[in-house]
Amino acid sequence: MNRNSLSTSQELRKGDFLMSENGEYKACFQNDGNFVIYKWPTSEEIWASNTKGSQAYRLILQDDSNLVMRDNNNKSIWHSGTWTNRHSNQVRLTLTNYGQLVLDTDGKINWIELRKGEFLMSENGQFKAWFKNDGNFVIYKWPSLEEIWASDTNGEHAYRLILQDDSNLVIYDNKNSPIWHSNTWTNRHSDHVRLTLTNYGQLVLDTAGKTAWTAGQ
């Protein structure tokens, strides 16, 4: 029986996978050590952990909210960077019907890091916020590819886009230097920070339910 999620302390071994409920996406922990999301059944690659050729042995969802890939000596090879000092038995990793892996703790989403090629999709499937391979973060009308908004960071060596617990959305290069940010940082750290792509093509960043930043139409 296919499953679309992992719960606290559950793990994938090589050859295991998650399947979205609609059967259109598959997240495979491959025998080569890579963890890959595919459009299914076309096998179009959407995202990968880039751990091919490593000694990866298992992928475990820990109770500290971190998704970790370990070798057979229990050494960490890759992780989602979402660990906290608080332990919970309500951690979940879900492969959505839009091909996204979403990690949440106690119902609060805490993995909103995008790497090049990754994207957020609105629930109605009509808008796509895409962190492109050229380093630009763009909201498109989908599937017409009409551009609505962009960070204008193409060619800036962008590497990752992360929603921080200080309420700032930041694009970093591979040396961890900031290239762009939403200018919403605060001195208060929160586990209630959320970034949503709405059904109207807006990116909305909110902290504890209060809107801090919007972009798009």
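Placed from the backbone N, Cα and C atoms, the Cβ positions cover glycine too.
Keep in mind the model is a prediction, meaning the values are calculated, not measured.
For reference, TrEMBL has these:
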DOMAIN    3-116  domain 'Bulb-type lectin'
DOMAIN    136-217  domain 'Bulb-type lectin'
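Assigned with DSSP, the residues of the domain 'Bulb-type lectin' (136-217) fall into helix, strand and coil as follows: 0 helix, 43 strand, 39 coil.
Taken residue by residue, the domain 'Bulb-type lectin' (3-116) breaks down under DSSP into 0 helix, 53 strand, 61 coil.
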